[in-house]
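Record features (TrEMBL):
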SIGNAL    1-30  signal peptide
DOMAIN    34-73  domain 'Leucine-rich repeat-containing N-terminal plant-type'
Amino acid sequence: MGQVSTALQAYRLFLLFVVLSSAGISVSGAACSDSDRAALIELKSGLTDPYIGVFSSWTSKDCCSGWYGVACDPDTGRVTDLVLRGESEDPILTMAGRPGLMTGGISPAVCRLDHISTLVIADWKQISGPIPACITSLSSLRVLDLIGNRLTGSLPSNLGKLYHLAVLNVADNQITGPIPESLTQMGSLMYLNLANNQLSGSIPSDFGNLKMLSGALLGRNRLSGVIPSSIGQMNRLADLDLAENQIWGSIPASLASMPVLSSLYLGSNRLTGGIPAVLLGNKGLGILNLSRNAIEGPIPDAFTSISYFTTLDLSYNKLTGDLPKTLLTAAYVGHIDLSNNNLCGRIPTASPFDRLDASSFANNDCLCGWPLQACAS
Ligand SMILES: *[C@@H]1O[C@H](CO)[C@@H](O)[C@H](O)[C@H]1NC(C)=O
């Protein structure tokens, strides 16, 4: 699922900004506080990096100068940023000629860095153990990125205390337990990526309170329950990925009124009910993937001249009836997959149908005409 999304781009820009601004202030200034230095040393002692040697620079007295990945406030000597990425274009990784790998765990000592605003320990593949629960005391935290490790345990239930957090990314770990109810109190959250873990329980019903959120990636977990209709109130949400969970119920029609929603991934769940007609006429929605659910009824004949889909995957559902005539009026439909449903009737001989191949229509009840077999008469 190519999800290089607008939210991800915004997140990258944001990180670039964070990195540039911290590079500017780490050059000179107050020497590192003794307590922060001790906390960093304790964090380091819990981690083993056998190949790259990212910690080889963590020896001098002043952790604010020359320590790889560490940046401080020049006035106070307090650590503001710790950025350790196992996959990046950083010279230290390029020289090593291989992506990073670390074992060990994230020491609770990290919670003593109580002026930190950016904490990135990402893509080290083998870092295991829990996210220290005390992390919720880091009240200045704006970026928490722990993607691509092997973290276990659950998300701290009082995570919502991190009121300034803009980026929360713990994707590609083995985190279990529920999405904390308190998460919806994070009024500054712009990017949330919990994808590819083992989270269970339902999505908090007031998820729509996250008014600043532009990307919500919760796919590939074990989430159940329904899609909260409050999501329809999110005015900045561009990317919503709930794919490959166990979510049931119907698709709330309120999703169609979201002003900037551009990708909606709901594939491989247990959704039932029909496709809300308004969703198909939504102006900005470019990717709609409802594949592998139990969605029923006809495909609403509700496409308009502003419907513009690069991907429309409705395959493996229980859709019935004819192909919608208004699909011919859509501004653009790129990849379309209607296979493995119970559709019936003649495939029109006009765009976009005339350039699709048989796999887009395969395994339906009685579709006919090119690129399938000719209709009976
Ligand atoms: C749609 O989602 C399903 C389930 O996540 C996935 O297998 C499929 O590849 C997706 N379709 C497209 C066109 O990306």
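Even glycines carry a Cβ here, placed using N, Cα and C.
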Review point. By DSSP, how many residues in the domain 'Leucine-rich repeat-containing N-terminal plant-type' (34-73) are helix, how many strand, and how many coil?
Key: 16 helix, 5 strand, 19 coil
Check your understanding: What mean pLDDT score does the domain 'Leucine-rich repeat-containing N-terminal plant-type' (34-73) have in the model?
Key -> 95
